[in-house]
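As structure tokens, the structure follows; a few thoughts come after it.
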Amino acid sequence: MVHFIFVTGGVVSSLGKGLTAASLAMLLQAKGFRVSVRKLDPYLNIDPGTMNPHEHGEVYVTDDGAETDLDLGHYERFTGVSACKFDSITTGAIYSKLLKDERLGNYAGVTVQVIPHVTNIIKDFILSNTKGVDFIICEIGGTVGDIEGLPFFEAIRQIGNQLKSENCLFIHLTLLPYVKTARELKIKPTQHSVKALRAIGISPNILVCRAERHISKGAIDKISLLCNIKSEYVVPAIDQKNIYLVPIAYHNSGLDNKVLKFFNINIMPSKLDKWYDIINRLKDSNSKVRIAIIAKYHKLKDAYKSVIEALNHAGIYYKYKIDLVWTNAENLTEESINKKLLDIDGILVPGGFGERATKGKIIAIKYARTNNIPFFGICFGMQLATIEIAQNLIGIKDAVTEEFKVDGTKIIEKINKNCEDSKITIENVKKTMRLGSYPCSLVANTIAANAYKSLEINERHRHRYKFNNEFQNIFEKHGIVFSGFSKDEEIVEIIELPLLRWFVGVQFHPEFKSKPFEAHPLFIQFIKAAIEYNKCN
């Protein structure tokens with residue numbers, strides 16, 4: 001029998017529902033249960049694939065090519081279980097299906113309404129694909145009271161009535177703000193949040209209270225009294241210095257055991273050795289390396305969430321703190337770069353779309369190459385690395401990417417050469433995008449092959465352009481090694497400059513497969529090179 005857990009939020013957004021869901025999933029795994037985590041987003045976009053990072057943050061890509069919310073990255077990193085397209089849905093996707101079915105006559109002429117037709121699609125999503133799991137945790141995006149979220153709350157209310165309490169648990173996450181003048185945590189916002197949730201027919205079984213400091217027993221008892229929840233089911237969620245401390249904090253507060261007790265499941269011991277090892281490594285991380293991220297969205301860290309975490313995973317591996325130096329690529333010039341990248345141990349240019357800030361990124365790549373600073377280029381970062389090499393090392397001064405320039409020598413070209421730019425719209429952009437996991441063959445005795453310790457790998461992709469293979473020979477004559485190719489050898493996946501300390505560009509997104517207990521091999525080697533560079537300088 002599958003048990004369903006719904007995680008909702010109130011008071012404010014960005015409270016950490018995703019981390020709570022991911023942490024609980026991991027804790028249940030540690031007790032031997034099989035867990036699936038899903039995200040339901042109330043926005044009207046079909047998926048976040050074409051959303052501005054300022055609106056949404058990172059687009060997380062799954063193995064099967066779904067473009068999803070960054071919370072799925074948390075789910076994967078904490079549980080080690082790969083997410084898929086069946087783990088994410090939006091209001092836009094729901095209405096798209098609904099309207100398509102209506103046009104096909106699948107509703108047999110009845111009036112199509114939010115209840116029951118929209119809610120039925122939501123329920124079908126939640127209740128489907130349950131084979132082989134013991135728990136399904138569903139995170140509802142947004143906060144209680146949001147207009148766009150009402151169909152989702154109604155759907156899970158109906159599921160709660162349908163499955164009864166023995167198979168359905170509601171966890172509500174709220175904020176206890178600390179008011180300095182009063183010197184106390186305020187409970188009133190939590191009261192109102194629970195009241196709003198009850199007004200739509202849902203009574204939370206567990207209340208998780210986020211706070212920046214210790215919550216006293218008196219405060220917990222007061223919350224219990226005013227929100228009509230047993231005090232043992234009021235769980236404190238105190239701010240942590242590192243997100244990888246969150247699961248153990250929840251374990252210490254008994255969240256996992258409270259869930260099992262609610263479902264009348266025997267409480268079993270937890271196997272948390274690898275997480276305690278992570279905590280110990282974090283405590284032992286006294287040295288640090290400085291990594292510059294040459295970013296287009298330098299003020300929006302969530303746009304590069306998986307990159308940040310992958311760097312931190314490598315730091316955990318070596319017991320090093322990663323000091324990230326966010327560098328605005330738009331403001332980088334040949335004259336300013338020495339000052340802005342002073343005392344840097346490694347330079348990373350992440351993926352992205354659009355022409356803005358490309359000049360600064362190319363300047364940073366040149367700086368890394370000519371000063372022998374460890375460099376890692378990801379997706380667009382690799383493409384710009386080939387353009388920089390073409391312009392400044394090989395001498396192809398008019399080297400360009402076809403993504404932005406029609407005139408010039410096209411070092412980077414479309415994957416689908418038959419697709420005209422005029423035909424590329426939001427409706428068909430996915431048809432021209434190489435999305436999801438693809439196999440890649442590595443060349444023996446290269447940096448990549450030595451890092452992976454294998455000649456066959458699978459990595460996730462999200463790109464429409466690739467290196468123009470016509471230039472492979474001239475690049476090789478100048479010392480560039482092409483160390484990874486797609487299975488059909490049409491797409492260059494990895495480039496290296498072996499004569500430098502560490503200079504690697506990859507067409508894929510390795511950050512999506514990194515875990516805190518299993519750092520990605522390329523990030524491990526990049527940070528290793530940065531540590532060695534730091535020691536030499």
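These residue numbers are counts, starting from 1, taken along the chain as shown.
Note that Cβ sites are derived from N, Cα and C of the backbone, with glycine treated the same way.
Swiss-Prot lists CYS379 with the feature active site, nucleophile. In this structure, CYS379 (active site, nucleophile) belongs to neither helix nor strand by DSSP; it is coil. The Cβ of CYS379 (active site, nucleophile) has 23 neighbouring Cβ atoms from other residues within 10 Å, across all protein chains displayed.
Per Swiss-Prot, active site is recorded for HIS509 (among others). DSSP assigns HIS509 (active site) to coil, not to a helix or a strand.
Feature annotation from Swiss-Prot assigns active site to GLU511 (among others).
LYS222 (UTP binding site) falls within a helix when secondary structure is assigned with DSSP. Sequence annotations record features per position, and here Swiss-Prot assigns UTP binding site to SER13, LYS222.
Residues or ranges marked as CTP binding site by Swiss-Prot on the basis of sequence analysis: SER13, ASP146, ILE147, GLU148, LYS222. Just so you know, the Cβ of LYS222 (UTP binding site) picks up 16 other Cβ atoms within 10 Å once every protein chain is counted.
LYS17 (ATP binding site) is surrounded by 25 other CB atoms, counting those within 10 A of its CB over all protein chains shown. If you look up Swiss-Prot, you'll see SER14, LEU15, GLY16, LYS17, GLY18, LEU19, ASP71 marked as ATP binding site, on the strength of sequence analysis.
Secondary structure at GLU139 (Mg(2+) binding site), as computed by DSSP, is strand. Taken from Swiss-Prot, the feature Mg(2+) binding site covers ASP71, GLU139.
Note: GLY352 (L-glutamine binding site) has non-local neighbours LYS296, TYR297, CYS379, PHE380, i.e. same-chain residues 6+ apart with C-beta under 8 A of its own C-beta. According to Swiss-Prot, the feature L-glutamine binding site maps to GLY352, PHE380, GLY381, MET382, GLN383, GLU403, ARG464, an assignment based on sequence analysis.
Residues or ranges marked as domain 'Glutamine amidotransferase type-1' in Swiss-Prot (evidence: sequence analysis): 290-536.
Under the heading region 'Amidoligase domain', Swiss-Prot lists 1-265.
Each residue in GLY9, THR20, ALA21, HIS74, GLU139, LEU173 lies on the same chain as SER14, LEU15, GLY16, LYS17, GLY18, LEU19, ASP71 and has a C-beta within 8 Å of the C-beta centroid of that ATP site, without being one of the site residues. In this record, ATP is bound by SER14, LEU15, GLY16, LYS17, GLY18, LEU19, ASP71; the longest C-alpha to C-alpha distance in that set is 12 Å. Binding-site extent for L-glutamine: residues GLY352, PHE380, GLY381, MET382, GLN383, GLU403, ARG464, maximum pairwise Cα distance 14 Å (rounded to the nearest whole number). Largest Cα to Cα distance within the recorded CTP binders SER13, ASP146, ILE147, GLU148, LYS222: about 32 Å as a whole number. The binding-site residues ASP71, GLU148 differ in how many other CB atoms lie within 10 Å of their CB, and the one with the most is ASP71.
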